[in-house]
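What follows is a single structure, written as structure tokens, with notes after it.
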Amino acid sequence: MESLKIYNTLAREKQTFVPIEPGRVRMYVCGMTVYDYCHVGHARVMVVFDMVQRWLRAAGYDVTYVRNITDIDDKIIKRAVENGETMSALTGRFIAAMHEDADALGVQRPDHEPRATEYVPQMLSMIGRLQTNGLAYQATDGDVNYAVRKFPGYGKLSGKSLEDLRAGERVAANDAKQDPLDFVLWKSAKADEPAESRWASPWGEGRPGWHIECSAMSCELLGEHFDLHGGGADLQFPHHENEIAQSEGATGKTFVNMWMHNGFVRVNDEKMSKSLGNFFTIRDVLKVYDAEVVRFFILRSHYRSDLNYSDAHLDDARHALTRLYTALKDVPAAVGAKPDWSESHGKRFLEAMNDDFNTPVAVSVLFELASEVNKTRSPELASQLAALAGVIGLLGRDPHVFLQGGVSADGVDAAEVEARIEERRAAKAARDFARADAIRADLLAAGIVLEDKPGGLTEWRRA
């Protein structure tokens, strides 16, 4: 394959991807804090970096993909206390729900999915190294903080100086901190907090801060210097900035070569928030839309652009994906076919994906290929369409299953459609063509398209 270019947030430009170890890629993505159901913003992170790791594997790399789970956090403690349950019961339930959502979206499981509570010893070790290196101090309130003024490179990911960051960020006043930007590495235990939320440490009982979790887990599983780190744009500062400060401050090595950030999700051109009443969980969305439609909707936009969620955009995605599946409906595609990168569509798909994972252009190539399949009825082109789409996790189902399946807001199910088709067949046999036409019109109004075939057969699909 040709060289892959990735927009590196740290360098603020596209760069040719060169792995540290030839043929091998180590990547880490910040995962979910599991105290509630995943929302559409989480869906985007899941799908985007699933697409990235799929493409890297398709390019022949040996990929180690790590996506963590934050299962110790102030919000988790608060929710568990409110519910009258243990933290482990709460997080276990929402980890299972997260996996269900990810599986539905066609997201492959990471190679490693570390839980923060399983890596506390590594976090304590890293905090100790930071203290030894003069970058951490225990404050009067018992917390251990990172001294940002002591790390010369602080601000390099966000591209801002300490003065700019202090002016631009709303940092809560804390007399125990040496600098308002200092952040917590180890939180001292509070008397009213549950026993399972505290661990013994050289600084007294407590729990890790959020930022140290990712530094410790990524370094433990991928090494102190690795290739790719991803996450949502909202994590660029302070979370990822703090990860760099922690990891490089502890090891003295470059932490990550390339940083990738996906754009925000907006709802009807507004920021998604519970207070605005436009907050949607993945489960909410999947009650109305087929999961592959949601995945397709996410991949139609470039990962770095903001994604505007709306019913109109999802409806459009459903119609578009239906067009692709329709092209494969009556033309047999070889099962398990591999992409032909020398074929013209394969070349352009390859060029698009190697240009910073440009899925909008790659998807446009799929539509051009679908048009060719419709014209030529070529099994070879149908196989190429299915193979290229499969690389990014699309068009993997039997076309008839997709076209007749999915979620329908009007509640029309397959059995009802088949019954109406039989009723229409009987009307035609009785030469009651007005009745037959009325049934077709009724079904079309309900989003069902009938296609009469030779031999008196009638096939159907959702519009």
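Quick reminder: no glycine exception, Cβ is built from N, Cα and C everywhere.
Note that the coordinates shown come from a computational prediction; the quantities given were computed from them, not determined experimentally.
Note on Swiss-Prot: of 201-205, 271-275, 341-345, 356-360, the range annotated with the feature motif ''KMSKS' region' is 271-275.
The sparsest Cβ neighbourhood within 10 Å, among the listed binding-site residues (CYS30, CYS214), is found at CYS30. In this structure, the binding-site residues GLU243, LYS274 were compared by how many other Cβ atoms lie within 10 Å of their Cβ, and the smallest count belongs to LYS274. The number of other Cβ atoms within 10 Å of the Cβ belonging to HIS239 (Zn(2+) binding site), over all protein chains shown, comes to 17. Within 8 Å of the centroid of the Cβ atoms of CYS30, CYS214, HIS239, GLU243, where the record puts Zn(2+), the same chain has further Cβ atoms from TRP210, HIS211, GLU213, SER215, HIS229, GLY231, LEU235, HIS240, ASN242. In this structure the alpha carbons, written CA, of LYS274 (ATP binding site) and CYS30 (Zn(2+) binding site) are 22 Å apart.
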